[in-house]
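**Q** Before I ask anything, here is the structure I am working with.
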Amino acid sequence: MASSFVPRQVFPTLDSLPRTYFLGHHNAALSKMKSLLSSVDLVIECRDYRLPLTSRNPLFEQLLVGRDRLLVYTKKDLASTGRPSDAKREEIVRRWHRPSQVLFTNHHHRNDVRKVLQYAETFSSQNFSVTGSRVLVVGMPNVGKSSLLNALRSVGLGKGKAARTGAQPGITRKIASSVKISEGKDGSGGVYLLDTPGVFVPYVPDQDAMLKLALCGSVKDTIVSPVTLADYLLYHVNLVNPDLYREYRRPTNDITSLLDAVAHKTGRLQKGGMPELESAALWVIQRWRGGHLGHFVLDDVDDKALERYQRAENNRIPSMNQARKADRAAKKARSY
Ligand SMILES: Nc1nc2c(ncn2[C@@H]2O[C@H](COP(=O)(O)OP(=O)(O)OP(=O)(O)O)[C@@H](O)[C@H]2O)c(=O)[nH]1
């Protein structure tokens, strides 16, 4: 019975979780972005709506000091259902970024995309240049940058896809040439977008943050075990509403028993009828990523949340050497 069920209040500490996913092409992209910034008029920074705090990358904070920036929180459809609590959270997030503007988008929603387009067009007409405006799109891996570019081009010019997109991170590997998304207002020369590869944070000291980023697809699904990720998802789902998986089994804190039920119900069985737990775990994760296992935000957002997060971040930031050392230790522990 859901009424007698007590969800876990804390997720257990894991011994061997990787704490970085900062790849060579992330570093290269960051250097290229630095060199491009002087020729860019506006930066659109994408963050994941489900991770208002955790999808913030301190590397961009350093890089973008003093730049005109629009914050776009993507994948709104996966966490918001228009509840008063969603509106309240969005208001808090808006306050974090003042005076920069914040928009919340579902890239399938033309109205959401139009708001981003209008912002870029207005910005462009106010900063008139005969050659048009250049807008750099940045963000963590898989946050939806290329999808936003395609949606903007479709709404702005009625044209098809210009950038490859995909459910795994790292589809965009290089900064390609700019893509026109609008003719611009009053003959302002148009708006051109530069898509960039997602850049991960150099080191994630916090276990929860790494699990959240992995769950939202910011790291490849081979980096954290799917069963661990599904367990972390179960922990969150139980805190929100354990009835969300009632078609498989009654509320539980035991991931194996849930995956066992899912594997039997969806036919993920080995010869002899043993459940394929990894495959069931990936299926559960995909269901959630597709918006079929509840709509909720993974970060706790209240008025003081950003302040707390930044304080913790400042206390925790290790040197790159410490980060590499910790990562080597985690890899070693995993190989035993
Ligand atoms: N539900 C939903 N899915 C989205 C949205 N925006 C992007 N996606 C999906 O998120 C995944 C990643 O999108 P991409 O546009 O490839 O992400 P990216 O930031 O360019 O990824 P990198 O190549 O790692 O930089 C794709 O499966 C998209 O369909 C959104 O607003 N809502």
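All residue numbers here begin at 1 and follow the chain in the order shown.
Note that Cβ sites are derived from N, Cα and C of the backbone, with glycine treated the same way.
So TrEMBL lists these for the protein:
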BINDING   N142, V143, G144, K145, S146, S147, G198  GTP binding site
DOMAIN    27-202  domain 'CP-type G'
REGION    316-336  region 'Disordered'
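Give me the lay of the land around each of these features.
**A** Annotation note: S147 (GTP binding site) sits in a helical segment as assigned by DSSP. A C-beta separation below 8 Å, combined with a sequence spacing of at least six in one chain, links S147 (GTP binding site) to T74, H107, T165.
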**Q** What other residues of the same chain, not counting N142, V143, G144, K145, S146, S147, G198, have a CB atom within 8 A of the CB centroid of the GTP site?
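**A** Neighbours within 8 Å of the Cβ centroid, excluding N142, V143, G144, K145, S146, S147, G198: C46, T74, G139, P141, L148, T165, T172.
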**Q** Enter the number of other CB atoms within 10 angstroms of the CB of S146 (GTP binding site).
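**A** If we count other Cβ atoms within 10 Å of S146 (GTP binding site), we arrive at 25.
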**Q** Taking only the residues the record lists as binding GTP, namely N142, V143, G144, K145, S146, S147, G198, what is the largest Cα to Cα distance between any two of them, in Å to the nearest whole number?
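**A** Roughly 12 Å, rounded to the nearest whole number.
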**Q** Restricting to the same chain and to sequence separations of six or more, state which residues have a Cβ under 8 Å from that of V143 (GTP binding site).
**A** C46, R47, D48, S55, T74, K75, G198, S218
**Q** Could you tell me the mean pLDDT over the domain 'CP-type G' (27-202), as a whole number?
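**A** Value for the domain 'CP-type G' (27-202), mean pLDDT as a whole number: 94.
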